[in-house]
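Enquirer: Have a look at the structure that comes next, please.
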Amino acid sequence: MPDVDRRDVQAKGFLNHMADKEQRLLPGRSNHDGKLSQPEKKLQEAICVLLVELCERFTFFGIVCNMILFCTVKLGYRNYQAAIVNMCFVGTSMLTPVLVGWLAECLVGRIKLVCICMFLHFLGTALLPVVSFPFEDIYIDRRHVLNTLTKREQKIVFYFALLTASLGIGGIRAIVCPLSAYNLEDCGPKELLSFFNWFYWLVNLNSAVVFVSISYIQQSVTRNLGFLIPFVSGLMAMITIHMVRGEMIYKPKTDSSLLTTFGVITSALKTCCVRYRYFSGGVTNWLDNAKENHGGQYSEIQVESTKSLARLFPLFTFQILYRTCVMQIPSGYYLQTMNSNLHFSGFVLPVAAMNVISIVPLLILVPVLECINSSCLFSSKDTGYSPTIYIVVGQFSAALSVMVAGFSEIHRKHFPQVEQTLSEEVLLVSSMPCFHLAPQYILLGVAEALVTPSCALLSFRLVPKRIRGISMHFLALFNGAGCFMGAFFVQIAHAGTQGNWFPHFLHEGKLERFFFFLASLMMVNTLGFWTIAHRYDTLHEDYTNEFRGSLPAEKLLKHKKNIKHYNAILESSPILSPMEKT
């Protein structure tokens, strides 16, 4: 019997050993607690983040795509006012992720803040249908109207809805869907550019679906249902976040912050002013004044990281005017299309559907650029081309697009005017087919395909890993500044020319002059960036050498090697006497 028991124990031990071995050999299987393995969890998180990203972009483009038509027809705005509202909303949506990121970092917890932003997003997208519904068309019976809102009340609700929606969008982009959540830290330049290319490819494919479907629903079928679709899409995003609860919320490292970067810059400016007033300068870079050994408050690593980020400021600055040109698609180009003949084979095209023409080049160019990147761009250090070439060509394409828009406006006014119905309103428009405007949309689409992924690559790659998220925040800040600069240009053009350069009735004004003015500025901007583009060809190598050489440990090691080398010289030198050697 003892032998039998011993054999049973040995058999059970062998079976348990094989079961444990099988469990180790199958890392993709779930454990007995029902929890997913690490690869499955990462895959689920990546899919959920991408779904939330697409849902958020769906709501964003759904709000933007026909805002000008809604503001002019429903709210009675002038053309320049509707364009300003649209560009300010886009710019605010770009700036709010920076604000929300700072709040999550310093004041409010990430989980609590994302819940608040989800509520704001839900509230904003739910209030927009309240404004867009013409309540005089909804009856309790044949004689009584369900509800009415005055123009003033509609505008108040409309602006409040846009503000809350933009704050919600900022929370989703900053907390739930930052680029750091895609685990790009260990990717090389080739993999990063490939990621950005396909990421923006998916985003633009999503926007193409929105521009075709939502714009048609808003304009032709029933404009009231158009703003219900952003509401449903926002609800989808919240359900997706709820499905994974806290597991998809990315938690960044706390070794760097946006406040630290601004603090380094502020401290350097203060110390620099004091030194300029009382002392002579003794630093090679003005940011070195923020270092502790120069009278500042920050460590050497923090200052050197900020210096590497400051080298990207010229790149960010030249993106401001480029973003202003891109913002002509939902403003100036949209007004041109709205005042052109939209009839095609007995079918009235949605105004925002013309945006798809600018998206098609991007969808086509991304696979082509992937082949070019594999063969030429990263072939070798000496012969490979820099992504700055893409940026220069893309900015030139944007300048050419705005110039073509000016000539298209002159060409459009040569056609006789006809009546056209948009959203149940009869408008007097040019009989020129809207497809004559296609070249300017195509050129701007080519510019987006070249500039946006390349600029994101440089902003992400050419700084230390610890501040890459901050670098992308600064890129968003400058892009948002480009949107507000576009709104400023529209306001100045309308006020300075008494409405002639940005008229309400395009056939009575000179909109082409505004386009030619913007094209000339963009051409100067392109030439300016071309003169400094060489700085970003070898920036990563120069930064690596300088940053490593400036660390205290590296300096001490170098100093120790010099001492050893000096002692060796002393011992081997026949010139020095024994007394001098001691």
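We number each residue from 1, going along the chain as drawn.
Heads up, the Cβ atoms here are built off N, Cα and C, so glycines get one too.
TrEMBL feature annotations, pasted as is:
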TRANSMEM  58-77  transmembrane segment
TRANSMEM  84-104  transmembrane segment
TRANSMEM  110-135  transmembrane segment
TRANSMEM  156-176  transmembrane segment
TRANSMEM  198-217  transmembrane segment
TRANSMEM  224-244  transmembrane segment
TRANSMEM  347-369  transmembrane segment
TRANSMEM  389-407  transmembrane segment
TRANSMEM  474-494  transmembrane segment
TRANSMEM  514-533  transmembrane segment
Enquirer: For the transmembrane segment (58-77) and the transmembrane segment (347-369), decide whether they are in contact, meaning at least 3 CB pairs lie under 8 A, counting pairs 6 or more apart in sequence.
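Expert: They do touch: at least three Cβ pairs between the two stretches lie under 8 Å.
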Enquirer: Under 8 Å between C-beta atoms and at least six residues away from its ends: which parts of the chain pack against the transmembrane segment (156-176)?
Expert: 49, 52, 56, 59-60, 63, 75, 85, 89, 92-93, 95-101, 104, 110, 113-114, 116-125, 127-128, 130-131, 149, 230, 234, 237, 241, 248-250
Enquirer: Kindly say whether the transmembrane segment (389-407) and the transmembrane segment (84-104) touch, using the definition of 3 or more Cβ pairs under 8 Å where each pair is 6 or more positions apart.
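Expert: Touching, no - the transmembrane segment (389-407) and the transmembrane segment (84-104) miss the threshold of 3 or more Cβ pairs under 8 Å.
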Enquirer: Using Cβ atoms and a strict cutoff of less than 8 Å, what residues sit near the transmembrane segment (198-217) while being 6 or more residues removed from its termini?
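Expert: Tertiary neighbours of the transmembrane segment (198-217) are 50, 53-54, 57-58, 61-62, 65-66, 223, 225-226, 229-230, 350-353, 355-356, 359-360, 362-363, 366, 448, 452-453.
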Enquirer: Look at every Cβ pair spanning the transmembrane segment (84-104) and the transmembrane segment (474-494), keep those 6 or more apart in sequence, and say whether at least 3 of them are under 8 Å.
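Expert: Touching, yes - the transmembrane segment (84-104) and the transmembrane segment (474-494) meet the threshold of 3 or more Cβ pairs under 8 Å.
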Enquirer: Are there residues at least six beyond either end of the transmembrane segment (474-494) with Cβ under 8 Å to its Cβ atoms? List them, or say none.
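Expert: Distant contacts of the transmembrane segment (474-494): 80, 83-84, 87-88, 90-92, 94-95, 97-98, 309, 312-313, 316-317, 319-324, 326-328, 331, 455-456, 459, 501-502, 514, 517-518.
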